[in-house]
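Undergrad: Just lifted these from Swiss-Prot, have a look:
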TRANSMEM  32-52  transmembrane segment
BINDING   Cys35  heme c binding site
BINDING   His86, His187  heme b 2 binding site
TRANSMEM  90-110  transmembrane segment
BINDING   His100, His202  heme b 1 binding site
TRANSMEM  116-136  transmembrane segment
TRANSMEM  186-206  transmembrane segment
Amino acid sequence: MGKVYDWFEERLEIQAIADDISSKYVPPHVNIFYCLGGITFTSFVIQVASGFAMTFYYRPTVTEAFASVQYIMTEVNFGWLIRSVHRWSASMMVLMMILHIFRVYLTGGFKKPRELTWVTGVILSVLTVSFGVTGYSLPWDQVGYWAVKIVTGVPDAIPVIGSTVVELLRGSVSVGQSTLTRFYSLHTFVLPLLTAVFMLMHFLMIRKQGISGPL
């Protein structure tokens, strides 16, 4: 085993990477509230894992979506647990994100030179809310259907381009299969990809600039 490690160490300098990660200075004023961002990230990882598991059984059609969710809850082994964990971690992610934003704002973590870290954080908060909006519709029950109808109808109040935006969101004039397909694609591919990219940027900037000092 040692020879295998030495082979990789010679080529990748694993120990140097490990030392860099583990030797980062942590300011003495840091407390448990500075862990809120990490908890948000952990919730996102749980979301990805549990959501991926459900894609094996969920069917994104207006005729089968609700039945497939019922199948996950009643027939799939531990399906009820996976979906429940997905729902609980979603709530946890939103709550921890809100608390994280308050912590950063109250401790001045958005000030120079960390403005871009704050901007990426705001973008991540918008993406998180978008997860909630798109995911809420996927069971395609009465609550999900009317939530989508209301949310996608809001831009209709925008002058000139309102109706175009509504049609773009819904995929047609009315809410239907095209809407569900769009929301499913956003929820399972577009939003996770964008979130992963902005999280990486967020973490790299924190890594580069360090944790902000006390007020």
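Each position is counted from 1, following the chain as shown.
Any Cβ shown, glycine's included, is placed from N, Cα and C.
Explain the structural surroundings of these features, please.
TA: Counting only same-chain residues at least 6 apart in sequence, none has a Cβ under 8 Å from the Cβ of Cys35 (heme c binding site).
Cβ neighbours within 10 Å of His187 (heme b 2 binding site), excluding its own Cβ and spanning all shown chains: 21.
Sequence-distant neighbours of His202 (heme b 1 binding site): residues of the same chain at least 6 apart with a C-beta under 8 Å from its C-beta are Thr117, Thr120, Gly121, Leu124.
Through the fold, the transmembrane segment (186-206) approaches residues 41, 44, 48, 51, 55, 114, 116-117, 120-121, 123-124, 127-128, 130-131, 134-135, 138 of its own chain, all at least 6 residues removed from its boundaries and within a Cβ separation under 8 Å.
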Undergrad: Ranked by the number of other Cβ atoms within 10 Å of their own Cβ, which of the binding-site residues His86, His100 ranks first?
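TA: Its Cβ has the most other Cβ atoms within 10 Å: His100.
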Undergrad: Cα-Cα, whole number of Å: His187 (heme b 2 binding site) versus His100 (heme b 1 binding site)?
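TA: Answer for this pair: 23 Å between alpha carbons.
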Undergrad: Can you tell me the CA-to-CA distance separating His86 (heme b 2 binding site) and His100 (heme b 1 binding site), as a whole number of Å?
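TA: Distance between the two Cα atoms comes out at 21 Å.
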